[in-house]
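Sequence annotations record features per position, and here TrEMBL assigns domain 'Amino acid permease/ SLC12A' to 33-279. As annotated by TrEMBL, transmembrane segment applies to 102-125, 131-154, 161-182, 202-226, 238-257.
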Amino acid sequence: MSSDNSAQKSLKTGSLSMLHALAQGLGTNGPAAVTALFFVGIASLVAGSTPLVVLLAFMVYSGMTVIVYEWSKIVASSHSWVAILRKGIGEWAAFFGGWGYWYYYMTGYAGFAILGFSSFAYVLFPQVGQSYPWLWIPISLAVIAETTILVYLGIKPSTSYVLYTGLAEVAFLIVTSIVLVVRAEPNNTLSPFTPAPAGGSWTTILVSMVLGIATFGGMNSVIPVAEETKDPKKNVPRALAILELILGVTLILSSYAQEVAFGVSKMSEYASLPDPGIIIYSKHF
């Protein structure tokens, strides 16, 4: 009987495909939210050199991902971050890393996802937000209820949901970005990938890149579901590599498309707007 109980309480090993593992990182990143929030902050620092910063940030994050990629061939566990730290550095690093990881996700990502989404409603409907300033509370509770139900249903239904919605999100961003680039044909230029729009200051570019690195945050969140993934030491590295390509193409293309659609020389104005993405999409679609 005890063996049956322990089996029921164990993780469902091998229940996720490579795409389900990929979805874990895709959902943690949230590319649509990234384009809405991070691009404004980067543009406030480097104006028209925003795509350059996003590109450099991608290169740095890719280097970080290579490390995780190699470790994922060795470690396959539900506590992969802790296991990697324990193997690579020691018990003390694993202890602090484990608690730091928990705190990071409970505060940073909960706030980013729930409160960020709630505040987005005020941007879409400012008059409603003014009339009902407490609106963020029921929206937050609804999001919490949705995510709680998905988690309760199990890892496969929840990651399937994230996979389908995440890929739809990526497809939307890529297709609309291509349309924006085509419609902005006279304004297409390589200058956004140079420091010239930022006054030629590489110091500003590189400092801004620190913020830009967070644009790709969550990509490596594939590895915590390694234990539930089929053949994890093969499929988790694959998921990391494919997700890196997906997010790189999506976010770099989106940053460039929004800039040429709005105007390279007008990116300082872009940075001062609370909802530049909505303005661009409302104008062109």
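Glycine is no exception: its Cβ is also placed from the backbone N, Cα and C atoms.
Just going by CB pairs under 8 A, the stretch in 102-125, 131-154, 202-226, 238-257 that sits most against the transmembrane segment (161-182) is 238-257. Same-chain residues lying 6 or more positions outside the transmembrane segment (238-257) and placing a CB less than 8 Å from one of its CB atoms are 18-19, 21-22, 25-26, 29, 31, 34-35, 39, 42, 50-51, 54-55, 58, 62, 65, 68-69, 72, 170, 173-174, 176-178, 180-181, 184, 192-193, 215-216, 219-220, 222-223, 229. Model confidence over the domain 'Amino acid permease/ SLC12A' (33-279) stands at 89, taken as the mean pLDDT rounded to a whole number.
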